[in-house]
Each structure stands twice: as C-alpha cells, then as structure tokens.
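K.L.:
The following block contains the structure, expressed as structure tokens.
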Amino acid sequence: MLGVCYYPEHWPRERWSEDARRMRELGLAYVRVGEFAWALLEPEPGRLDWAWLDEAVAVLAQAGLKVVLGTPTATPPKWLVDRYPEILPVDREGRRRRFGGRRHYCFSSPVYHEETRRIVTLLGERYGKHPAVAGFQTDNEYGCHGTVRCYCERCQDAFRKWLEERYGSIDVLNEAWGTVFWSQRYRTFQEVELPNLTVAEANPSHLLDYYRFASEQVRRYNRLQVEILRAHAPGKFVTHNFMGFFTDLNPFPLGEDLDFASWDSYPLGFTDLMPLPEEEKLRYARTGHPDVAAFHHDLYRAVGRGRFWVMEQQPGPVNWAPHNPNPAPGMVRLWTWEALANGAEVVSYFRWRQVPFAQEQMHAGLHRPDYAPDAAFFEVQRVVEELGALSLPPPGQAPVALVYDPEAPWVYEVQPHGAEWNYLALVFLFYSVARRLGLDVDIVPPGAALQGYRLVLVPSLPIVREKALNAFREADGIVLFGPRSGSKNENFHIPQGLPPGPLQALLPLKVVRVESLPPGLREEVEGPWGRFSSGLWREWVETDLSPLLRFADGLGALFRAGRYLYLAAWPSPELLGALLVGLAQEGGLSPKPLPSGLRLRWRGHLVFAFNYGPEEVVLPVPSGVRFRLGGPRLSPYEVAVWEEG
C-alpha cells in the first residue's frame, strides 16, 4: 500500500478537500499529519486549538483515507522554551542550542518529559479512538541534527544515576574503567562528569558508557509516549521513523516497544554523503547506490521484528545533502518497488506538495508549489496500476544473514585506531558484495537466532557477549568473522586472553598485533582463489591453524576451524567477492556475479530485478519463465518481476 506525508497547516483550508480527493484518486491509502504542529495545537500555554486538526482528519476520512498522526514533540513551541529554557540541549562544546530549528530539546529533561506526557495524553484522548486514525508516529527522526547526546546538567545528573545502577559501587566503576590510568580515580558517583571538554582524549570506557546511556535515554523517552498511546488508543499501531546511516542511536531496543519500525528513505542524499569512490558517486548520483535503500529496508525490517514501513520516500531532489541532483526518470517507481520487494507494508512519499517557504522549500514533493503534479506523481500512478495486477506473497527468510552491531560504531568512534576505519563502510562492503552475487541478505542484531542461514557474515563484532556466542555456536551455516571481532570486552578493555576474546571458543587463534594503514598502502593477499589486495587494517595472528590466505610476508590472513572463519584484514571487494563465492557454493547456494547496477530480490515465489545502471542488462533467467512485470531485457532504471519455479 502507498501513502503520503501531508501538512494541511501549510495550505489554505479550502484546498484540503481537493487534496484529499486527489490523494484517493491517485491510489494512496495512508496520510501522515501533525508531527510538527505543537505551536498550532497549543498556541498559548494551556489554550488548545483542535479545530483545524479535527477538520483535516475529517476531510481525509471523508475521502476514504487513513490517518497516521504524529506526536508533535520534535518541535516544542517558543512559549514552552521561553518558560523552561532548561529543556534546550547543550552540544559537545558546552553551548546551549537555541530555538529556531527543530529537535531543540534534551531527552533527559524532567520538565520536557512532563510536557510531553501532557500533550501526548491530550492527543491520545482526542484521537485515540477516532475511526479514521490508523495509528501514531512518535516524535520525528530521533537524534537528527546530532541531538541524541546532550551535555547539560540534567544529562550529567541522569548519567550519574545510570552509572550507579549499572555498577553499584564506585570501586566497581573504577575497576571497569581502568581509572588507575592517568590518575582518573573517582571517590563517588557525584564526581563523575560528562566526557566532553577534556584536555586530552576522554577515557574510552567512560565515553562508551555515555553513548550507551544517551541511547537508552531516547528509548526511555520514546517508551513514555508509547505507553500513553497504548492506554488511550487501543488497537492503533505505534511506530517511529528512523533515519539512514544513523548510528548515535541503537534502534533495536526502541523497536521492541513499537508495533513495527519505519524509516525515511532518501537514496540520493545518502549516496552523496557516503564514503564512496568518486566514480561510484557520479555513476549513481541520480539513482542512489544500488544497495543503499535495500540495506536500510533489511535493517529496519529487523528492528521491526519482521515489519516495517517507509514513512518518507524521496520523490525528487532533496534540500539537505551537499549536492541534490534530480532522480533519473523512473527511480521513484523503482525505489517504491524495491521497498515492497524487501517487505515494506507501506511506502509513503514525502511530501504531497513542495512547500514554498521556510527551511525545506527546495525539497521536492509529488506536486509543485503551484499545485501542478510533479514528475514523481506520474511514477506513483504507474506503481498503483502495477500493484493492482500483482499480488505480493509474504517475505521469507534470506539464505544469508549479516550481523549488524549497533554498538560497534560507538566503539570505533571512541578509538578508531585509523582515520579511515569506518564500521558502516565495512558492513556496507560485506552487504554490497553479497548482493552483487545475487544473494538475498537478512540483517540481524548480535544474539539473534541464526538457524536456517546457509552463510552468516559478521563484518566486525568488537564486543562478543554470551548470547551472541551461543547464537554462533547454534548456527548451522558457515560463519565468517571480519577484523577486530572480539577485540574488546564489555568495559572496553582488550580481552585478557587477547582478541578475538570469547570467539576463541570457536576459533583457536590469538590476534597479537594490529596496524592501520593509509589508503594508498596495500597488502597483497594470496590463496586458492587467486591474488588480491587488502588495506586500511591488518592483524598478526598466532595459531596452529593453517591459513587459507597469506599476506606477501607469508603470514596468515584467513583462518578456518570447522564452520568458522576469521579474516585478519580489511578486504578489497574483489577478495571478499571471491571468498563469498566459495563459501556460498559450499553452503549450497548458487552465487551469480551480476552486472554492476543490477540487483535481485526474492519475495516468496516472485523474483524482482532492479537496474540502477545507465545500460540495458540481460536478466539471468532461464527461457520460458513467466514475467509479471517487464521482460528479460531490462532498460536503465527499470523493474522486472517474474515467477520462480
């Protein structure tokens, strides 16, 4: 099903009925409203104005549309900030942020918690049983604009309480943090400050705990809203719209409190911000990298425990990236179909109409500011027609699992040990190489059940907890661990028995030395799959295992013990591709290298093909297959669907 984000408060009331009618005629089903409207709902303290929202919901309902109502807490009004200036967050440099944008509040503010409780309760009481309201979105894009981590006095107080609950005694904290180093020892929890503005780098254990605390504060705040909505809106769903390539927040605990996850898909903006080779950025500037959207579909499907929406789908040029090109013709349709192929229940476009004023006036919509349909409108029309002729079976489990660790970016941000070390880049490399081989991938958190997967990819898992170790033990497929796995314990220490720490129960080896390399310095790696290169990171390993790959100096780069493998370097795409081909074949899969812009996705008995490239491609299908969409020759930016077997 399809939907759209709509801001009735931006347009004359006499326009609302026409907009709603056209939404329904287009074939849309859901409309998100209200997530930035606090100042209109409560223009003065305690004076509520529901009339405009009542009317907007009624107009949409009359057209047969279902409403997703956003709680308006991402934008506290000016009067609230003036009354309680302490709700404003403080940045890492100790500067208090000001009113005038959005997300201008601290997650630890008791006052803001109470104001949130009040406005969300009022919203739930008024609309929780409204027949046209299908569900609620809490807030909007938690953490956007660097707002997960605040450094105000309330955060300091809350962090001290969090530490006391976690450690129990200050002596335990001192031991866990290694405060004997640099004379950092604390006598009480009240002496612990936030880990910013230090002269030299802060203690890494201190930093990691603060990042954990800050993420948990977001969950605590979100849970406050969810519990209110559950009480006042029985039977209505509750979701939140997460972001792409955003690592300050661990989304999995939040997902446990939601009915399903949502995320905001902007493939062109994300591609422009990614650390990609320049030629790749240019090749995919108008389409997005072929794996950017799919990666997040798979991630947030896992966060939503099998269910997710795309709450905001890019419809044209955005306004916030360094460069904002126009999507190639057909890409809005392709992105929509790709989301559905990956299991999205709803794809909702942002926004119905481009707004002619304020911060997002250069962000395209399905309509131009002069009310005329924009290019994406006609692509959505085509999707609606195609959806009417194609029944989508339930998604199934992929043959490959990729373990994504939300704490790993924090660990490597605290102590990267190499300027180019980037956890997301390594994870994306593993994901993308697997997809280039025509393999479907499920993203799972550490500790998730791994039964049924033929191949499990663990690009890097710095902290290996018992639950994750047990899941690896119980996996019935081949498991490949990447560099720096098991390199730290829970407290950010090097494991007593050296890395890979607990993984030594599966792989009898020790990492005794590591190095980070500048981008131009490469290491040759050779083995049964050929000669390749690695870079950025290398490890020295002590073991009685015979290496499957060796560096040029003869030392091992890849080791295997039974179903488990350990890769002691950051691989090139060619090296990783050759390795995954061999492991996938051993696992009973049939990897097939695809043309550079082509990607496949299975949904039940249907196979979807997406051509992100500027060249026509011939699809890898046997003769006689039944195509439900397209055909065996796929033009640039086109979609094909066929039935398998």
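Any Cβ shown, glycine's included, is placed from N, Cα and C.
Sharing the record's features from Swiss-Prot:
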BINDING   Arg102, Asn140, Trp320, Glu360, Gln361, Met362, His363  substrate binding site
BINDING   Cys106, Cys150, Cys152, Cys155  Zn(2+) binding site
ACT_SITE  Glu141  active site, proton donor
ACT_SITE  Glu312  active site, nucleophile
K.L.:
Which three-state DSSP class does Cys150 (Zn(2+) binding site) fall into?
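P.N.:
Assignment for Cys150 (Zn(2+) binding site) reads coil.
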K.L.:
Using the Cβ center of Cys106, Cys150, Cys152, Cys155 as the Zn(2+) site position, which other residues in that chain lie within 8 Å, going by their Cβ?
P.N.:
Pro89, Val90, Phe107, Ser108, Ser109, Tyr151, Glu153, Arg154, Gln156
K.L.:
Mind checking which of Cys106, Cys155, Met362 has the fewest other CB atoms within 10 A of its CB? They're the binding-site residues.
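P.N.:
Fewest other Cβ atoms within 10 Å, among the binding-site residues Cys106, Cys155, Met362, is found for Met362.
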K.L.:
Taking the residues the record says bind substrate (Arg102, Asn140, Trp320, Glu360, Gln361, Met362, His363), how far apart in Å are the two Cα atoms that sit farthest from each other?
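P.N.:
Overall maximum Cα spacing for these binding residues reaches 20 Å.
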K.L.:
In Å, rounded, how far does the Cα of Cys152 (Zn(2+) binding site) sit from the Cα of Arg102 (substrate binding site)?
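P.N.:
The Cα atom of Cys152 (Zn(2+) binding site) is 18 Å away from the Cα atom of Arg102 (substrate binding site).
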K.L.:
I'd like to confirm something. Which of the binding-site residues, Asn140, Trp320, Gln361, His363, has a Cα closest to the Cα of Cys106 (Zn(2+) binding site)?
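P.N.:
Comparing Cα positions, the candidate nearest Cys106 (Zn(2+) binding site) turns out to be Asn140.
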